[in-house]
Amino acid sequence: MAIVLGANRYGKAENRVVRIYRDTERHEIRDINVSSALRGDFADAYLTGDQSKILPTDTQKQTAYSFSKEKGLTSIETYALDLGAHFVDSVEYVKSARIEVEEFEWQRVLVNGEEHDHTWVRKGQETRTAAITVTGSGDDRTNIVVGGFKDLIILKSTGSEFTGFYEDEYTLLEPTTDRVMATSLVAQWRFTTTNVDWEPTYLGIKKIIIETFATLHSLALQQTLYEMGKAVLEAYDFIAEIRFSAPNKHHFVYNLQPFGVENNNEVFNADDRPYGLIEATVIRDELSAAPEAWESYTGLV
Ligand SMILES: O=c1[nH]c(=O)c2[nH]c(=O)[nH]c2[nH]1
């Protein structure tokens with residue numbers, strides 16, 4: 001019985017294209033995960049290793065990024081149709097193209113009740129957390145409460161820079177005065193009392209953190225964390241300390257120059273790893289530490 005090549009297709013999976021429309025003060029964002037797969041006259045590549053009919057998956061990737069600017073990314077259906085038609089129409093060996101797109105939705109943050117021009121949180125709620133430690137009884141009773149949240153995904157498309165950093169012989173990073181800054185924020189704060197109106201306090205702290213992220217012209221994620229913590233401690237005298245863990249979700253400007261396409265901070269590759277991980281505690285220095293407050297049991301909180 002003969003052995004033959006059956007169904008086959010190939011392409012580039014999961015290109016993380018972020019397109020910012022920034023022609024006016026009020027930016028728009030489209031954030032997608034796009035994959036392309038081609039079927040056609042590709043048997044030679046499998047059977048003999050002849051690649052002469054193969055449009056590289058790298059080329060498919062470049063096209064996905066460039067089309068977000070050349071054709072625009074205002075609806076994923078049109079974008080996907082444009083991309084698919086391009087592969088089928090321009091490469092004679094391609095008989096069909098499948099384009100799959102996931103779109104991540106973002107919601108504008110409110111600052112003083114008004115929609116912000118260039119800061120969003122990812123749709124889908126963050127997870128609220130609490131960890132308490134009760135020790136002793138009667139007059140010896142202590143209650144330590146830590147509130148917080150995790151997975152608050154927040155992004156600003158301008159108002160962030162990173163310059164003037166220490167450089168050595170391995171430094172390649174170029175300074176930038178205008179970049180996308182995004183993180184999946186974890187924040188935890190320790191209360192000095194249990195006499196707290198928990199619900200409005202949670203909402204109030206979250207609001208301060210989001211508003212500070214949006215409005216502070218950031219010189220680094222480090223500075224943003226400190227200013228967010230400081231603002232929370234200034235607003236709530238019963239918070240002793242706040243801790244942040246913030247992965248720097250890098251958005252690298254995609255190089256479209258080889259295709260003669262201008263990219264003025266409009267098309268980004270949202271890289272998932274490696275990521276910078278910036279952590280900080282902001283604390284009132286007159287208060288004693290409470291190390292047991294931070295001894296995680298599950299690792300979840
Ligand atoms: O806000 C930042 N802090 C850093 O420490 C850092 N390092 C880096 O490469 N990019 C950034 N961004």
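Note: Cβ is positioned from N, Cα and C throughout, glycine not excepted.
TrEMBL lists Lys12, Thr57, His250 with the feature active site, charge relay system. Sequence annotations record features per position, and here TrEMBL assigns urate binding site to Thr57, Asp58, Phe162, Arg179, Gln222, Asn248. Positions annotated as 5-hydroxyisourate binding site by TrEMBL: Thr57, Phe162, Arg179, Gln222, Asn248. What TrEMBL records for Thr57, Asn248 is O2 binding site.
Checking the recorded positions Lys12, Asp58, Phe162, His250 against ligand 1, the ones with a C-beta less than 6 Å from an atom of that molecule are Phe162. Cα-Cα distances to Thr57 (active site, charge relay system) place Lys12 within 10 Å, out of the recorded positions Lys12, Asn248, His250. Of all the recorded positions in the list Lys12, Phe162, Arg179, Gln222, the shortest Cα-Cα distance to His250 (active site, charge relay system) is found for Arg179. The separation of Gln222 (urate binding site) from Lys12 (active site, charge relay system), Cα to Cα, is 35 Å. According to DSSP, Phe162 (urate binding site) sits within a strand segment. Overall, the recorded 5-hydroxyisourate-binding residues Thr57, Phe162, Arg179, Gln222, Asn248 cover a maximum inter-Cα distance of 37 Å.
Under the DSSP three-state reduction, Gln222 (urate binding site) is assigned to helix. Counting only residues at least six positions away in the same chain, the Cβ atoms of Lys12 sit under 8 Å from the Cβ of Asp58 (urate binding site). In the three-state DSSP scheme, Asn248 (urate binding site) is classed as strand.
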